[in-house]
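Pulled from TrEMBL:
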REGION    1-25  region 'Disordered'
DOMAIN    22-171  domain 'Globin'
Amino acid sequence: AGGSERGETGSGRGDRPERAEPLSDAEREIIQDTWGHVYKNCEDVGVSVLIRFFVNFPSAKQYFSQFQDMDDPEEMERSSQLRHHARRVMNAINSVVENLHDPEKVSAVLALVGKAHAIKHKVEPMYFKILSGVMLEVLAEDFPEFFTAEVQMVWTKLMGAVYWHVTGAYTEVGWLQVSSSAV
C-alpha cells in the first residue's frame, strides 16, 4: 500500500487529514494523459474493475439487488445493473479528471457521490478505499505501458484525494466512524 499514513497526524479530527494533498500541475497532466487512454475503453475497464471488486470482496454485492447472489464473473459481466454501475463509476472519475483544474467542482462532484452512497444506498465508506485499490491494480495490469511506477504513485495520490472528499461527505451527513486508515 504505502502512503496511507501521509498527513494524518496532528489534524485534531481523529485520523482524518486536514485536506486532501493537492496535485501539482505536472501530476494533473500525468493523470489527464493516462486517463485519456483508459477512457477510450471505459466500459470494459469499468466492468473489469467491478467484477474483480465483487469477486474479491463479495460483501460489496449486498448493495445490488440484481447480482448480489451471483458468484460467476461471466454471469456478472452480463448483468445490466453491473454494466450500468461501471459506466457511472467511470463517468464520475472522468468528471474528476476533467475538472482537476477546478477544486470546487471536484469537491462538488464527489460530495454528491458520497452523499448518495451514504444516505440513499447506505454503503460502508471503506468500500471506496477498497474499490480505488482494485481500480489501481486493474489500470496497472491493463495499461502497463502508461501506468509506470511514477504514474501509479500519482494515481494513488488522486485516489487518496477522492476518498478524502467522499468520506468528508459521509461525515457531513452524520455518518460516524469514517476511518481514513487502509482496510
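The backbone N, Cα and C atoms fix where each Cβ goes, and this holds for glycine too.
In the domain 'Globin' (22-171), the DSSP tally of helix, strand and coil residues is 118 helix, 0 strand, 32 coil. Averaged across the domain 'Globin' (22-171), pLDDT in this predicted model comes to 96.
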